[in-house]
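Per Swiss-Prot, the feature substrate binding site maps to Ile6, Val7, Ala8, Asp28, Arg58, Thr112. According to Swiss-Prot, the NADP(+) binding site annotation covers 7-8, 15-20, 44-47, 63-66, 93-98, on the basis of similarity to another entry. For 2-157, the entry in Swiss-Prot reads domain 'DHFR'.
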Amino acid sequence: MTLSIIVAHDKQRVIGYQNQLPWHLPNDLKHVKQLTTGNTLVMGRKTFNSIGKPLPNRRNVVLTNQASFHHEGVDVINSLDEIKELSGHVFIFGGQTLFEAMIDQVDDMYITVIDGKFQGDTFFPPYTFENWEVESSVEGQLDEKNTIPHTFLHLVRRKGK
C-alpha cells in the first residue's frame, strides 16, 4: 500500500472554515480528481459531511467513532489501525484530526499551497522540509476561474525521517 496525504492549505496552513474550503479553486479540484480517481480516499466524518456525498470513481472510506453512521457508497472504519488494512494507493483526505494523526506515517504528500491568507478554524499540522524532499513543484495556471496564485507540491518523505 502507498499512503499519501492530499491537501490544500494557505500560507498559514488553513485548510477550512466552518466545514468548508475558504477558497474556490477549480484547478485544485481537477488536480485532486486526477490524482485520486481509481484510488481510495480516507476522510473523517466531518470532512465527508462537508462534501455531502461520496466522490465518484473512488473508494470513499469514512473514519468515525459514531456507530450509527451509514451512507450509501461509503465504507466505514472505526480506528486508525484499519487504515493499514486497506490496499492500493490510499489518500488521507482530511480533516485536521486525521492529518495530525497520519502525517508521521505517510509516504508522501500532495499539497496545493494557496498563496494567500484566509480566515480559518481548521489547520494542517506543521511540517518542515528537513523531513520531506520536493519531488515536484508546479505553479498553478491562473485564469478567470482560478484567480488565486497556487502551487502544486509533491513531497516525498526523506529516508529515515
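Each Cβ is built from the backbone N, Cα and C atoms, and glycine gets one as well.
The model shown is predicted, which means the values in this text are computed figures rather than measured ones.
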Integer mean pLDDT for the domain 'DHFR' (2-157): 98
Mapped DSSP class for Arg45 (NADP(+) binding site), helix or strand or coil: helix
For substrate, whose listed binding residues are Ile6, Val7, Ala8, Asp28, Arg58, Thr112, the greatest C-alpha pairwise distance in Å: 20
Spatial neighbours of Gly16 (NADP(+) binding site) among the binding-site residues Ile6, Asp28, Arg58 [C-alpha, 10 Å]: none
Distance from Thr112 (substrate binding site) back to Leu63 (NADP(+) binding site), taken between C-alpha atoms, in Å: 23
Proximal but sequence-remote residues of the same chain as Arg58 (substrate binding site) (Cβ under 8 Å, at least 6 apart): Thr36, Thr37, Gly38, Asn39, Thr40, Leu41
Least Cβ-crowded entry, counting other Cβ within 10 Å, from the binding-site residues listed as Asn19, Gln66, Thr112: Gln66
Residues satisfying Cβ distance under 8 Å from Ile6 (substrate binding site), sequence separation of at least 6: Val32, Leu35, Thr36, Phe91, Ile92, Phe93, Met109, Tyr110, Ile111
Closest of Asn19, Arg45, Gln66, Leu98 to Asp28 (substrate binding site), Cα positions, binding-site residues only: Asn19
Cβ atoms near Val7 (substrate binding site) (within 10 Å, other residues, all chains): 24
Other C-beta atoms that fall within 10 angstroms of the C-beta of Leu98 (NADP(+) binding site): 21
Distance, Ala8 (substrate binding site) to Asn19 (NADP(+) binding site) (CA atoms, angstrom): 14
Assigned conformation of Gly95 (NADP(+) binding site) - DSSP reduced to three states: coil
Nearest recorded site to Arg45 (NADP(+) binding site) by CA-CA distance, among binding-site residues Val7, Ala8, Thr112: Val7
